[in-house]
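Enquirer: Got these off TrEMBL a minute ago, pasting:
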- 1-29: region 'Disordered' (REGION)
- His139: active site, proton donor/acceptor (ACT_SITE)
- 199-229: region 'Disordered' (REGION)
- 218-228: compositional bias 'Polar residues' (COMPBIAS)
- 258-281: region 'Disordered' (REGION)
- 258-271: compositional bias 'Polar residues' (COMPBIAS)
- His288: active site, proton donor/acceptor (ACT_SITE)
Amino acid sequence: MPLVDYASDSEPESADQSPSAPAPKRAGFNPVVAHGELDQQLRRPALDLPPLPAAFHDLYASTVRASTADDPSLHQGRVRQIPHVAGNWPSHVYIEWHPTAATYTLLTGLLSTLQKKTAGTSEITSFLTSDLGAPLPLHISLSRPMALTTADKDEFLEQLVASIRESNISPFELTVRGVEWHRTDESGRSFLVLRLRSLRNPDPDPDSDSEPRPNSPTSAATSQNKNPELTELLKRCNQTAKMYGQPELYQWADINKNNSVGDENSQQPHNPKSHCRQTKPSVGDAFHISIAWSFSKPTDELKLLTEQVFGDGGNAAVISGNKQQKSDLQQEEHRPASSYKATTRILVDGVKVKVGNVVTHIPLPERGHHRRHGRKRAKHLLGLT
């Protein structure tokens, strides 16, 4: 059935429809009033549309290739970490996050303020918004950039799906515990990141990143891994990557330190002969979401301005070591901006694997569901298995 029935131009006009007959006037019709009513209707906010299905975003997860060779001028000066080789498939394992409208507005406003304060000294590029002003999805990395061969890519995906299904990790939530700059030498860039914490291990004071005293009631809880679920998922991703000769993520950290997610197989026994393990930080401190980047190095001044804008004034004074800056910072009116930590919630209900330009979503099983119904196969985009 057509959406609108229009009369055909070739149909003969009926006798009572004369082209010269004027349109009948309605009693009391006032064109000025009618125009005003139409203007009011146009000014009314549009009804809320239903959200797009999650698989829709996977259809447009890849950008258009503008060149067959690596050309940094096409990518804001960025250089590909792994050069493209014919027959290799660039791959990545990650968790995708689409901020709510309120969280997106808050973060973009804070970042815009920081960009204005650092204009002329540091050029900061946002990950939050595209060049056309559209909101962009953010992610939590669970692997380093990889290059899978054609012979390995399908088997790698099958192994990873099976491992995540057996992880005993049900959907969980994360919150933000702070913002900071992180520099990576391999990319030559600095990243503004949100540090994460599982809601299983809430921070006793959302406005303070300092650790409690050893004898306090909360010291035992906060000394544990801040992200046990992410750590277990990372462990399985690293194991699969290692099987296929791919680099592991966060090798500098101890992946088994205080890792307890309710799975008896998640924590490896401690080896008393290993002294280097005792000096490694917990990998739970490493997980983050990047919201912006810059080629500039994170100087003390940049860190101070960042924590001033995002409302973490207490730590900024420690970084600067300047009493006058500390005094000025306490008088700033940006302190309420720290509400982004109290209000941001990140639901993790699955893991995404991108191989080439194909994205596969691996849903986390509901608690006890995988035991009753056995394994489920992961969904590729368009819902195909």
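Note that Cβ sites are derived from N, Cα and C of the backbone, with glycine treated the same way.
Show me how these features fit into the shown structure, please.
Expert: There are 17 other CB atoms within 10 A of the CB of His139 (active site, proton donor/acceptor), with all protein chains counted.
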Enquirer: Using the alpha carbons only, what distance in Å do you get between His288 (active site, proton donor/acceptor) and His139 (active site, proton donor/acceptor) once rounded?
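Expert: Rounded to the nearest whole number, the Cα-Cα distance is 8 Å.
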